[in-house]
């Protein structure tokens, strides 16, 4: 992967440093670190950081392979940039970057200064000379393995840090929204999936702390659990100046931005034609581009007030799973305010003014603003055309019903009456008169929240419903549905669709729907799926042949005799969980599928002891209960001050990955020994409540921390500000979590949890194949991108076909494969796997699997079992198998069983 790409006329940073990272599964140093001798002279060197804020230089995990050699080594992140082809420094992202100049450029002409000298193209955090609105700040600590203490390639520099001022804390009461709350949605037929998990107290051996590294300074009345991984988090994190993506709109606090000269709320909507793309990959069929990114910071409209100046504050109120409120005040504690209800999919951007003079601005510039009458009583409509030829509608609903008589002052400002109380709404209109008619009928109404209900029937059909809470005039709501919603609408909801669509940043076209609820249906849920290998459509459990059993017995002794404590008692919840689950799957295979209980007995007892260490909270880095945001987190950051320890666990990164492995391990332990459940059930339920709670009234944990029921998948990023929004890299570990709670629910007797896991798997099977796993006929991602087959890392604002730990194809594709589990063939369709294999890993393809080295090779061949179980079996059963190709979080025992389970004929050695 090239560390930079020059695009004429484009000044866009694509930096993986600013995002939440995902740990890789045990590649070796040689896989990811290139020396100068290995690189061609023409290829720019990767940038290696000597130290990154938030990334520990300690070796977090060194489990031995069967020969006793480490199978994971710390390695650097490959960094990628889109930079300038002229005038470096003219526009600066406030993150580490590399300016590439033309040969004729003079360093002294740069507006970027580094360490007191003009920028000469070195990687750095910019200190912008003469641009006060751009602040220096350090990248958010990210989830990738620690950087090596000695750089092995490329440039070296020490990262800078700065602490942003959190700003004043709002102390006045929350601005009220006149709501029309709906009754809790009625439970649908079948098993209710949102029943409370047993509400045990936090175990006494998990200490409570009130000093979380990230303060809730910008949240109003932060008393109960606060959602940490949701779409609006940028509004209360860092400088509060990164974008929030409501889909299809984007919102950003202007906060004195010089382009808009405003402290109001900026709104934009990006068309596909505005995207920037990366370089084509000529090694893949179709030469797909490596990434695409939507521009941020376009301020098509800004809803502000003349009173909003340098003293303006923004706070967030009522943060929920689907909604929140962003509140602007002229000064902290002021009763005058503008309140913005934030709800995923909202058709209007709504601003509720309380005694302020509206100032509606545009950095794109107004070409035409014309009054357009009153579509409803008390509503005043204006039609706006901007200089980019885009059409917007503006509706004013004064509390007193009087004509606001908005005035256009130049091409940047529309002013309203002083002391205005009422509602102003804006919406982009892509559909001319038809679009106007749709918006006109719903103007004055706005969503304030979404209530969700759901059930799963015994026939394998799951249903979930969004009931929109609203306020205002009472008209039916305009809400935008993503493609996976539209695909799964029931018949009644299909009738709410309108002939109006707006593009989203990374999920295709959103469809306008008019109504106060949606109901989605997922059929063919994997109710029969258990711990054994499983095939879609199968209603029975796999029985292994005698040949397969004998082959597994022959290798079981080596793996089950490994030092379990050494591989599970680690200073990382993530890697400890992977180690525990590795042994759990192997023990289950030997005891239940092979039928050798004697061989499994000793390792089973060892696994119980290893798990008990965590239940007793005596692992290397114990858990604590965070009493600020409300959750169970690693104590590492509290003790060492490094927010990147255990990949940001303390700041709620990736809890569904980390805790999912523990939950799945517990499900297997409880299956193998039901008596084990009594002493351990409360601990495991605590992990489920933290990462994926089923209710919103639990005093200890928020509802559904990771899984986003609107987007249909999880977000991995926690309390880190991010210019491109939330993101997720490993779809397969997302499905692992859903499978884990399904199986823990089954083992522990929680029917609601089991049903919820089944429905989550069904939703994931749909969303992953719409947005992440791209078959040739995918219509939601750009045609020039789908040849990559997987997204790599999907953000709310961009998609980059890479990983946080390297750009080898086996890394990028493989992180969407592991861990191989019974659910893998359900969410990774055979059609997709076949297309991906032929394009990437077949003999003669871009990266033939037979030439891959290390643990990724085993991941690829285990994945091959979905379409060619015979070839997969032969690879793992070969007597001369290179054991280093078995990932440290997997076992040969399970890989053999998985291939045999998918193989429909008798396996003879």
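Even glycines carry a Cβ here, placed using N, Cα and C.
Just one of 658, 700 is listed by Swiss-Prot for the same (1,3-beta-D-glucosyl)n site as 727, 729, 733, 811, and that one is 658. Per Swiss-Prot, the listed range annotated as region 'Disordered' is 136-187 (candidates: 84-135, 136-187). Ranked by Cα separation from residue 729 (active site), the recorded positions 239, 259, 654 are led by 654. Comparing CA positions across the recorded positions 259, 654, 733, the one lying closest to residue 239 (N-linked glycosylation site) turns out to be 259. Across the structure, residue 654 (active site) and residue 733 (active site) place their CA atoms 10 angstrom apart. Residue 733 (active site) sits 42 Å from residue 259 (N-linked glycosylation site), taking the CA atoms of both as reference points. DSSP gives residue 733 (active site) a helix state. Non-local contacts of residue 259 (N-linked glycosylation site) by the CB criterion (under 8 A, 6+ apart in sequence, same chain) comprise 297, 299, 363. Within the set of active-site residues (654, 729, 733), the lowest number of other Cβ atoms found within 10 Å of a Cβ is recorded at 733.
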